[in-house]
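See below for the structure under consideration.
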Amino acid sequence: MGYMGCWCSNLGRKYSGTVSPQRSVQPEALSYEMVYSWQQSFDTLMSFKSGQKCFAEFLKSEYSDENILFWQACEELKREKNSEKMEEKARIIYEDFISILSPKEVSLDSKVREIVNTNMSRPTQNTFEDAQHQIYQLMARDSYPRFLTSIFYRETLASFGITEMDIGGDEEKEREQRAERARLNVPATAAEGSSKDISMV
């Protein structure tokens, strides 16, 4: 049986409330096609709640899950309409992720940190926009490539019966996988909404 720890375990440290990113988040019917698509780009991975959760588990193993928690908190702030609650959330985000006294401080350059400090004089939904963008790019550039070769991602793929594949997105390997599914008469979306595994022979 494949390793499915990413899906049943919690994020560890949770930000207040349920995080539903502002960007379009895809349906949660877990399938091989969904998990395999996470190789396409970091944007694709982050468009799935399950993708975010598995990536968060990976970051937690590297002691850097504050990055995705900060990003998610900023997304939550963007949706807040009540001005008083918005200011309170902005203050909490600052104390949790920006303050140099916080154990969860994210890594920002001096220019962006100065922008955040200035914005905090009158917090808005976009107070941390520059900081959020910088952390997103950091995760995409630094953590995402390692995630694709991590046990969290490989064993999630293995849970669908895929035990050997080029995690880098090798086109020839992908064509072979598609041809094998066609030979077995397995539709591309067979795993969606179903508990059946896609097995390779």
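Just so it is clear, glycine is given a Cβ too, placed from its N, Cα and C backbone atoms.
Within the set 66-99, 168-201, the record from Swiss-Prot flags 168-201 under the feature region 'Disordered'.
Break the domain 'RGS' (37-156) down by DSSP state and the numbers are 85 helix, 1 strand, 34 coil.
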